[in-house]
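Everything on this sheet refers to the single structure shown next.
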Amino acid sequence: MNETMATDSPRRPSRCTGGVVVRPQAVTEQSYMESVVTFLQDVVPQAYSGSPLTEEKEKIVWVRFENADLNDTSRNLEFHELHSTGNEPPLLVMIGYSDGMQVWGIPISGEAQELFSVRHGPVRAARILPAPQLGAQKCDNFAEKRPLLGVCKSIGSSGTTPPYCCVDLYSLRTGEMVKSIQFKTPIYDLHCNKRILVVVLQEKIAAFDSCTFTKKFFVTSCYPCPGPNMNPIALGSRWLAYAENKLIRCHQSRGGACGDNIQSYTATVLSAAKTLKSGLTMVGKVVTQLTGTLPSGVTEDDVALHCNSRRSPLVPGIITVIDTETVGEGQVLVSEDSDSDGIVAHFPAHEKPVCCMAFNTSGMLLVTTDTLGHDFHVFQILTHPWSSSQCAVHHLYTLHRGETEAKVQDICFSHDCRWVVVSTLRGTSHVFPINPYGGQPCVRTHMSPRVVNRMSRFQKSAGLEEIEQELTSKQGGRCSPVPGLSSSPSGSPLHGKLTSQDSYNNFTNNNPGNPRLSPLPSLMVVTPLAQIKQPMTLGTITKRTGPYLFGAGCFSIKAPCKVKSPPQISPSKSMGGEFCVAAVFGTSRSWFANNAGLKREKDQSKQVVVESLYIISCYGTLVEHMIEPRPISTAPKISDDTPLEIMTSPRASWTLVRTPQWNELQPPFNANHPLLLAAEAVQYYQLLLAGSLPPGSPGPITRHGSYDSLASDHSGQEDEEWLSQVEIVTHTGPHRRLWMGPQFHFKTIQTSGQTTVISTSSSVLQSHGPSDTPQPLLDFDTDDLDLNSLRIQPVRSDPVSMPGSSRAVSDRRGVSTVTDAASGTFDRSVTLLEVCGSWPEGFGLRHMSSMEHSEEGLRERLADAMAESPSRDVVGSGTELQREGSIETLSNSSGSTSGSIPRNFDGYRSPLPTNESQPLSLFPTGFP
């Protein structure tokens, strides 16, 4: 019986790490009435209900999903194997307690594995440092000690420093402390990548080199934020974004935030309330002036402005992006006297102070939020090698959460950057659909497993994008040349919400002639398609679906398992991050919980459109949510532009919170510990790329075997230049040729051997016999040509299909085809001279022998040329496209281009006229 209970238990000890292994548990979805009953049970104290108390849990202060060597897909060779299962990167979860911290790893198998656990007092921030990026002049001084863990705890290693003023670096291989960085002011957060370790202080940022941990640069001009992030920053693979306290005109980038133009019923009511409040405030100020507290004519704002007159006032909502590689050592100062070395972008993002920000995986997109939490902005940063003032910042999306205030604590992107999840202190995660290039999210963009192009093939071939831009320009839109309505996002009419538009954006700083700013997709206002809410009370996991207030989706309420009920505190008013939430996208791991007997290979046969969303809350429960996008149910007809709605459903949960009875799991670890194996694999790959790998050195030991076979092919001296031999294809061929569209006309040019008649009334008449020297048509006097008498009528042809086969070149030498754009305007005389060319040498002598077959052969060839069939190629493989000046001609590759006069055929395969009284009726007497 005990063995059965041990087998069914979701927890068991790990063999390789010695920690605890937690199996995923299937989530049962309750009905609406069951959710209400569960909610009432949670509200009623357990003393009245008489239910037994569950085991005591430790208090969680913060939660975080970490990126380290364990899930580094770019440098870990374990994830480079193709067409094999089990190579998806694991999830790495870090939990901070009031006494210590804990690290979990959730591989693709679904069993959460405890990797690290310690109790040494409160921990404010912690990071697992990835292996540094090596170079020709960069060596890792701590290679033998890695992986390293950076911890900011209440009591530092020295014990004499103030609380949270020290960063201690511990080796997870040996367990010793290898470095300690002291500060005079408290530390609020830690960030790291392959290049630097960033320590976030109040209004300051300090960056240290990842190889030596010596100070690289520091920033002292950060704008303070009331919380939860006292100094919000975003660290990508190379760029660092932070909130600047001033806007410097000479460094300001082109573009920036646009107005949101959102005015719902709730916003109208709140605006009226604010107006009433401001009116009452003015009445109070008048009463104060009459009583003599303040002198007449002086307000509190004037007093505050007078107090700050000694220094320039701080400006909220400004973002500065710097390049951590090119920025100079020492202080990074953005001022009018400083140069722009290392400054990537400098632009206004919000009116209020910035609360949270995050880069996507590529570093091109930046999401920012302010302290109000109504709207979140998505920017696309297009750099310029000259300076930050030439950088283009495109405001792609405004993600509208609602009209109530909420502070954002976490932002995450999906791996393909088509979904953004923003979590607030209220315990709600908002799911927004976006596109990496902007534009309206729809069925075409989000119902495919892969990212689609910005325009479909139909839109490209039909020219819909150009038509839309033309209509927009006529209406004075983003492409309007009118001053003030520039092509920049900041010139949009929606920009009226920003009160300081003149100071933030001007026509000079947003030049419509900037090629990086036009054409741009219009600013899109996107509402969340789903809200995944963590409840204010503790109870069993429940779900409630229904139409969402702002979006066309469904929203769910999920709660973790029942624990000891704390005092009922509103999450929005909780202090110290008590209601913390973190989210991340990843491969589904619920297959084992829902189908215990199903193999992984069979479950992975179905390709999902969206990866699973994992959310962990301060209750220590990790829940996997499935996201299923679909066309909106209210749409009468489904097309590519149909709006979206999504359904979310919980699939599996892991209870990761520890109890006081759990043992600690501290280094030194075994050689087969996942963190140690990952560090060895990444270090081996770094040495392999740098070419400093000792000969005969064995590869790292991994969970899936050695990588000697993978690395042996690229370790020799003869393969040092293998990268230069790689061929890449940046684009595929066109699905149809440009000349196949209805905008192009096809005209047939005929040749004449003996007599060429321009028109019946023309004075130009060239006649020669067989023995005469042929006169080239290019020798004609252009002033004498009566082109108006030709009466050339344009012929509009239907779009033709891509040629499937080609005829022999020898069968085509009698006809030359001219391609003419219908929409273009050009001189007809120039076209005639360029198209006709010159007569071949010895034309009359060589063609006398076949004179009797010329007329019938010409009819057949002209009829074949006009046939729009894939089997009969109009332009054949022997025909090449030549461009002379502004005219494109299709000439034979044999090199003999015959000059002739265009002719208009009224019927398909109609018999050719032979009466010479007609203008274009003559045929050559000899033809090859």
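Along the chain as shown, the residues are counted starting at 1.
Placement of Cβ uses the backbone N, Cα and C atoms for every residue, glycine included.
Given the structure is predicted, the values throughout are model-derived calculations rather than measurements.
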Worksheet item: Can you say which of 3-24, 729-750, 795-816, 839-860 is given as region 'Disordered' in Swiss-Prot?
Response: 795-816
Discussion item. Among S605, S763, S886, can you tell me which residue Swiss-Prot lists with the annotation phosphoserine?
Written reply: S886
Worksheet entry | Among S473, S893, S898, residue with annotation phosphoserine (source: Swiss-Prot) | S898
Discussion item. Need the DSSP three-state call for K215 (SUMO1 cross-link) to compare against my parser.
Written reply: strand
Practice prompt. Tell me the Cβ neighbour count for K215 (SUMO1 cross-link), meaning other Cβ atoms within 10 Å of its Cβ, over all protein chains shown.
Written response: 14
